[in-house]
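Inspection log for the structure reproduced underneath, given as structure tokens.
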Amino acid sequence: MERRLMIPCFFWLILVLDLVLRVSGNAEGDALSALKNSLADPNKVLQSWDATLVTPCTWFHVTCNSDNSVTRVDLGNANLSGQLVMQLGQLPNLQYLELYSNNITGTIPEQLGNLTELVSLDLYLNNLSGPIPSTLGRLKKLRFLRLNNNSLSGEIPRSLTAVLTLQVLDLSNNPLTGDIPVNGSFSLFTPISFANTKLTPLPASPPPPISPTPPSPAGSNRITGAIAGGVAAGAALLFAVPAIALAWWRRKKPQDHFFDVPAEEDPEVHLGQLKRFSLRELQVASDNFSNKNILGRGGFGKVYKGRLADGTLVAVKRLKEERTQGGELQFQTEVEMISMAVHRNLLRLRGFCMTPTERLLVYPYMANGSVASCLRERPESQPPLDWPKRQRIALGSARGLAYLHDHCDPKIIHRDVKAANILLDEEFEAVVGDFGLAKLMDYKDTHVTTAVRGTIGHIAPEYLSTGKSSEKTDVFGYGVMLLELITGQRAFDLARLANDDDVMLLDWVKGLLKEKKLEALVDVDLQGNYKDEEVEQLIQVALLCTQSSPMERPKMSEVVRMLEGDGLAERWEEWQKEEMFRQDFNYPTHHPAVSGWIIGDSTSQIENEYPSGPR
């Protein structure tokens, strides 16, 4: 009898525990479900948001921590419309709320002020209206606040000045009114953060007072004038010869040499969150740009490791392009625009140095180097990149590039996407570097740039033939970078000729796929520790990105969705059908079609005569 009673009690205990787990686990899921129900989703981006699941951690575009608590919601550029909901304030561990570039209307909920862990709030390029909630001043960890290109009105809440962690602020293109705060965190921001609003412009700094010169007798003036004239003549003779000699020496010296100037000619100022360093400060940090501190060199110049006075490690990129007169203001403007591109997967520009003869950019130091160095130049004591890390690198770098293409105004085309330009932070998170430099180095040109900047093996065929780059140029380079991640090999390697293989990595991979040799192309350092289906999916994304026609390549935002598991199968099936049609009717090849891998011949033939800049 007792045993019979124990069974139903045990059964009910399980049900109660299950109910408790579901209720606690679904608290955050309910908040996100409320958001889903408030939004129109024509592209079915939120289709996986199933409210019956225990937690939302398996949903697309949602990231959780090890405790199954939501830390990130990525719904930028998702073609969503509707309104935000107050339940968003019930995500206690949320760090990133990315809802930019949609058609969201209504007001910003005051409850967002409850998100005390929030680091980034990106609601720009929507149609939000009403005031900026003063409750956002509670977000003491907020670093990035971008509300630009909406219809927000009213005054800027003074509570925001107390958010001392704030590094990036963009309130531009909103009908905001009133005064711009100048205290607290707002003391760092420049007019670019408040452009095209109805805010009262910041007052210009008054010029320093000029001390009046006391009058002197006429006779004294004549004597003083005579003495001054004699001194001036003597000084002219004294400095004429050295000045002529210096001018002659500069003309004879190669134009790509750098001249050091005193730090006094480059006073330290701040441009928003961007610091302007003195040349002397960077000379000391890098031991006068010593060769022993060189981290790398490439088409834009050399990169030096440096240690600032406070002990912070930095990477100093010393640009090598010839300078032209009058380009300082444009260079400074471009640098500030680059600094506004802030994303978890983009290398943050910390500061710069500009003198009449020098252009230097200062970045955080990345202790784990680049993907290329981890794949091919790691010391024996360092373990190879495992497969999960490579997957994270693929997704992180795609997110960074998608941000450059879709959410920077004007958009930034990288023009040299490769493993050497994907850096790794302390957690081996991918950080895209060297973006914006191609345009920065062309700042003195007033015409369309036709010089091809890039690296052999990564250059898209249309960019090579026309000199015109686009987002799809970057997509091609990204696809080749994925193949580097999978194979561990270089995009262009003459050593493959020894085995009668293609020197171009893309062609080599296609050849192996046609021969059904999938295992032969996977990096041997992985030692078989990967899932075949995951490798195949990453190869599929790479091949879609490296199609000959730029029109047929996906956008980087589409690549992100495919890597997150949304739409790859359909896109791949469609491409396979098109390839089969081409091979059957238009472009017969010597290779038989392989079931599951129908690969067309590469058309990206790049001659060796084109310059390459290994980084």
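Keep in mind that glycine also has a Cβ here, set from the backbone N, Cα and C atoms.
According to Swiss-Prot, the protein has these features:
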type: TOPO_DOM; residues: 26-225; note: topological domain 'Extracellular'
type: SITE; residues: T52; note: site 'Interacts with flagellin flg22'
type: SITE; residues: V54; note: site 'Interacts with flagellin flg22'
type: DISULFID; residues: C57-C64; note: disulfide bond
type: MOTIF; residues: 57-64; note: motif 'Cys pair'
type: BINDING; residues: W59, F60, H61, V62; note: brassinolide binding site
type: REPEAT; residues: 67-90; note: repeat 'LRR 1'
type: REPEAT; residues: 117-139; note: repeat 'LRR 3'
type: MOD_RES; residues: Y463; note: phosphotyrosine
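Between the CA atoms of F60 (brassinolide binding site) and T52 (site 'Interacts with flagellin flg22') there is a gap of 15 Å, rounded to the nearest whole number.
Each residue in the repeat 'LRR 3' (117-139) gets a DSSP state, and the totals come to 5 helix, 5 strand, 13 coil.
In the three-state DSSP assignment, the secondary structure recorded for H61 (brassinolide binding site) is coil. Excluding the listed site residues W59, F60, H61, V62, the same chain places L46, S48, W49, P56, T58, T63, V73, D74, E564 with Cβ atoms within 8 Å of the centre of the brassinolide site Cβ atoms. A C-beta separation below 8 Å, combined with a sequence spacing of at least six in one chain, links C64 (disulfide bond) to T55, P56, C57, V70, T71. In the three-state DSSP assignment, the secondary structure recorded for T52 (site 'Interacts with flagellin flg22') is coil. DSSP labels the residues of the repeat 'LRR 1' (67-90) in these numbers: 5 helix, 8 strand, 11 coil.
For W59 (brassinolide binding site) paired with Y463 (phosphotyrosine), the C-alpha to C-alpha distance reads 38 Å. Of the candidate recorded positions, T52, H61, V62, the one lying closest to Y463 (phosphotyrosine) when CA atoms are compared is H61. The recorded positions considered are F60, Y463; of these, F60 has the fewest other C-beta atoms within 10 angstroms of its C-beta. Taking each of the recorded positions C57, V62 in turn and counting other Cβ atoms within 10 Å of its Cβ gives the largest count for V62. Other Cβ atoms within 10 Å of the Cβ of W59 (brassinolide binding site), summed over all protein chains shown, number 22. Of all the Cβ atoms in the protein chains shown, 8 others lie within 10 Å of the Cβ of T52 (site 'Interacts with flagellin flg22').
Here the Cα atom of H61 (brassinolide binding site) is found 17 Å from that of T52 (site 'Interacts with flagellin flg22').
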